[in-house]
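The ATP binding site feature in TrEMBL is assigned to Pro32, Asn33, Gly34, Cys35, Gly36, Lys37, Ser38, Asn39. Residues annotated as coiled coil in TrEMBL: 188-436, 680-1034. Per TrEMBL, domain 'SMC hinge' is recorded for 523-642.
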Amino acid sequence: MLLKRLEIKGFKTFADTTEISLKPGINVIVGPNGCGKSNIVDAIRWVLGESNIRNLRGEKNEDVIFNGSDKKRPLSMATVQLTIDNAENSLPIDYTEVTMGRKVFRSGESEFAINKSKVRLKDMSNLFAGTGLGKKGYSIISQGELEQVLNGQGFDRRLILEEASGIIKYRYQRDEAQKRIMSTQNDIIRVSDILQELEARKEDLGQKAEKAKTYIELSEKHQQLEKKFLSHQIKNSKETLKEKKESLLVIENTIKSKYDILQEHQEMLLNMEKDLEEKRKSFNKAKEKKHELENMINNCKADINLSNERLNNSCERQNNAEEEKTKYSVLIEKVALDLESAENDYSTEEQKYFNLKSKLDNLTEEIKDLEIKINNKNDKFEYEKNQVFDILNKETEIKNKITKSEEEAKRLNDKKQRLKKNIYDLEEKQKNLLESQENIKSKIKVEDQKREKVNQNIIKLKSSRDEIVAELNIVKDTEQDLNSQNNRLNTKLLTLQDMDKNFVGYSEGVKAIIKAKNKKEIIGLIDVIGNLIDVPNGLELAVETVAGRSLENVVAQDSNAAKQAIKFLKANNSGRVTFLPLDNLRVRPLPNEAIKKLMSYPKVIGLGSTLIKHKASYAKAIQYLFGRVLFVEDINTGMDIFKNTNYAVKIVSKEGDLITVSGALTGGNHKKSKVSPFQRKKEQKEINELMTKCKAQIETNNSKKQELLSRLSEIDEELTNTKNSINEIDFLLEIKNNEKLKLKQDINNIVQDKQVKLQELKSTQNNINHITKIIDELKDEYKIRINESQGLTEHIEELKQEINDYKSNYEIIKERKLSLAEQIEMKSKELSILQKNITQYKELKSSYKQSIEKANETYTKSTDEINKQMVKINKHNKELKEYHEHLKQYTAYIEKQEQNIKNIYKTVNDKKEEIDPLNKEIKYYENQKQNIKIKVAKLENELEYLTNNWENKFKNDIPIQDGLNAKEIKEYSLLLKNLEIELENLGLVDVAAIDEYKELIERYDFLIKQYNDLNNAKDSLKNLLKENEKLMNNSFKHFLKQANESFRQTFIEIFNGGDASLNIDLNENLLEAGIDIVVKMPGKRNQPLNLLSGGERALTCIAFIFSLLRLKPAPFCLLDEIDSALDETNLLRFSNFLQKMSTTIQFIVITHRQATIEAGKMIYGITMPEEGVSSVYSLDISSAQDIAG
């Protein structure tokens, strides 16, 4: 079974879809810190079912979803899919390839899937149980978990072994069975309590069911009589309704004829009003036309005034244009003279400019000749200068060689002196080490004697510890029994409190009143009598017998509160309750003489008002109920008192036998069919007392347990200290032996070093002689190079002087050229200014000509405008005359139409006076019609009410039958009244009690069966648990032997020697016993892990993990930087063993170490090309080697 593929999207830093294809052998994951390497480990843990988000380095579930970066938005979902090759059927599932998937959304929802089918987390855990991939598996190990294996509890190491052996699934089954046993026990207690409650309710509910059946029989008789009486009422209502509807039809016909006459008059009036409206429209149009003509006259006058104004403006513009033409003609003549003078000046200056430019060209040629000569001399100068530099470089090189050789000679002489001194020091050191070796031997002997004494002390301490552990187990068993008893009492108390909360045992009326009081719907009520009194022990039965239902009486502060409560009961049909208003009670207490005489009799307990404890605020109510109740020890005492006294008191014995005031006796056996509220109160008190005693016993037992634990802790601490002493002695012995070996090695090393130093001294002297010869040869060559450089230096100086002369002439000619260039530039600017002036004169002359043309144009336009306005003025005067004629005609027409409208108004008013009497007559008949309609509606409502009443009560059609006569009506009424009285006498009836009683019996039978089933299930679970624990013990013992041998062999192979073992703590319960790792490094004694070096501890833990993988190979193994604590030697051991195991197990290793990387077949690089977003790059080492050749 291999891990083939890992697909990640939106998980932590893997924002984009990332697929990692894994190969058999060693797959190495590398990358810088913080790039997301460990997120791959988290993704695999997560998809395999890790439920603790803290193990994935998070605080809440949505922390695993990509949270966004500077360039990417946060995602709403994370998904991981892991594909495993199951061709060998290592997983118990019928697929050759299994893909596990897990999703989580920011909303908190999550999904698990196997091959795209949704499953539960439990299904995932069960699939991998025993494969090494479970929650306590050993196939995924990080650096932190490596430390937990080393420093954690022994039980944690045991769970790793159980995962490897497959026993872990039996542990899960055991834990589940224990939970189910506890749950079943709680269910048994609960069912038992419910059965007790049902037994209490059974008799009372049976009585209610019988009462309900009687009520149903009377109701059916009442219904038959009511049917006949109601059908008679419906028939009478229908006949009366028919008569009224016929009268209504006659009136409606009369109203219709009157409406016809009224309609004729209204049509004539409508025609008159239409004619009037047309006259009004014609009149209004004439008025509008008149107004329009007046506006046109005013507009025409305004146009004439405007044209006169425009005529005057045009004449003024014509005069101004004539003046402009004269002015601009004079200016054109003046500008022509200035233009001619400027053109003559420009010709003279232009000739001077060309002369200067010719001189500049001659100087430019001279400068070019000088530049050629200077360049030639410079080339020759540079060539000879380079020759000098070459010679000087050679001189410097020779000089440096001489200096270096002299320094080497000095260094060799210094080395020679040091070697002589080192040889002397080594001889002295060898002498001192031989003395130290003798001292170490004597110290080792002393430490061996100390260790033997400490071992004897450990044997004594272990014996004492065994005795305390045996005593502690007895205390723990007692603690479990007491806790179980306390839980049972607490459950029973909660059941009784729940019954009190639901008012079980009270009448419906009392329940309704108490609920209303608690909701503050009724104010002024105190409580039920049963809740207000505290009865002495032993008198509960007597009080309940003498008080009876009076214990349900409700005490009220005053009569107003009681009346309000009674009103509430009636309004809600909630039954009947007796109230005791404190301001209305009349109490007749016994005289003091009578009390003294009664108390003088033997076996008299006392008066109820004195014995029963209560608050003074409602003492009147207690006096009312118990002020004349005498409590005695037995019935014989009561009879004696009754015969010898004449006091009006009730006498009751402790056994509940009652003597009434009139002498009637009530007694016998008390059938405990149900638990009353009063008895529940007593039972709660008893349970509270038992719980107090139980808690006291628990505290006493806990004190004893703590004392034993303290003693055990002291012994454990002493054992630990003693073991630490042995460890310290062993540690010192190891140090001394190491020192002894080191001294021997140091002496051998000194002898070897001395031989090496003597050989090195001889070689150094030969090197000094060789260096001295080389220095002499280099000095002779240096002198020859100095003579050559001096001759070349003199010739270079002559060339340098010639170059300077040429450069001086070059600068003079260049200066003259610059001066001419400046004169030419100035002359060019003068010509530009002259040219600009000529252009300006031409433009000014052109502008003046344009102004004259513009003035001519203005003169012409003004003349045209004057002619145009004269034509307009003549036209408007003609139109004005026509408008005045039309206005006169419309004024005469309007006066005539106004008189016609007044005449039509008079005719309309006359017609309206004829219509008014008809309207009044119609209104009278309408009122008559409305009155009859109201009566009809009333009858219809009455009929509808009777019909609905029939349908609601009887749910069938109304029968057709003869009506009842007066005598029959009277008889039916009397019968109905009698039946209603009988129904009322039954009081509050709970019809649902029939079905409720039936359901209660069914539920009671069902719970009895459940109770038996639960006890059987509990026994079965205990047997299953016993078999499970036996199987776990046997399987673990067998596997531990195999694991111990595998660990020993693996340790020896990795460390090239030594020894190791897995030891179980036999002083504890075998199922809870931890596993200790004890190792013996090559050349050392047995040591606990805490005394090893960091690298040895880490490699030992790795050996433990590898031993399990060899014994029970996992599908794959993921190692997250577990090699970081290893030094180079141990790292090489780890790498070699990893390669050896990779032939049978697939490894995914996250590392920074070079040796581990070199062992990989595939390398996956994790990088962050974008801040906060991880990417994966892969490299197949074998393919890369083939390409590289």
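Each residue, glycine too, has its Cβ placed from N, Cα and C.
Curation plays no part in TrEMBL annotations; they are all automatic predictions.
A map of TrEMBL features onto the structure.
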residue : record           : Cβ within 10 Å
Pro32   : ATP binding site : 11
Asn33   : ATP binding site : 7
Gly34   : ATP binding site : 10
Cys35   : ATP binding site : 16
Gly36   : ATP binding site : 23
Lys37   : ATP binding site : 22
Ser38   : ATP binding site : 20
Asn39   : ATP binding site : 20
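Per DSSP, the secondary structure of the domain 'SMC hinge' (523-642) breaks down as 62 helix, 20 strand, 38 coil. Listed in chain order, the residues near the ATP site other than Pro32, Asn33, Gly34, Cys35, Gly36, Lys37, Ser38, Asn39 are Thr13, Gly31, Ile1166, Met1168, Ser1174, each with its Cβ within 8 Å of the site Cβ centroid.
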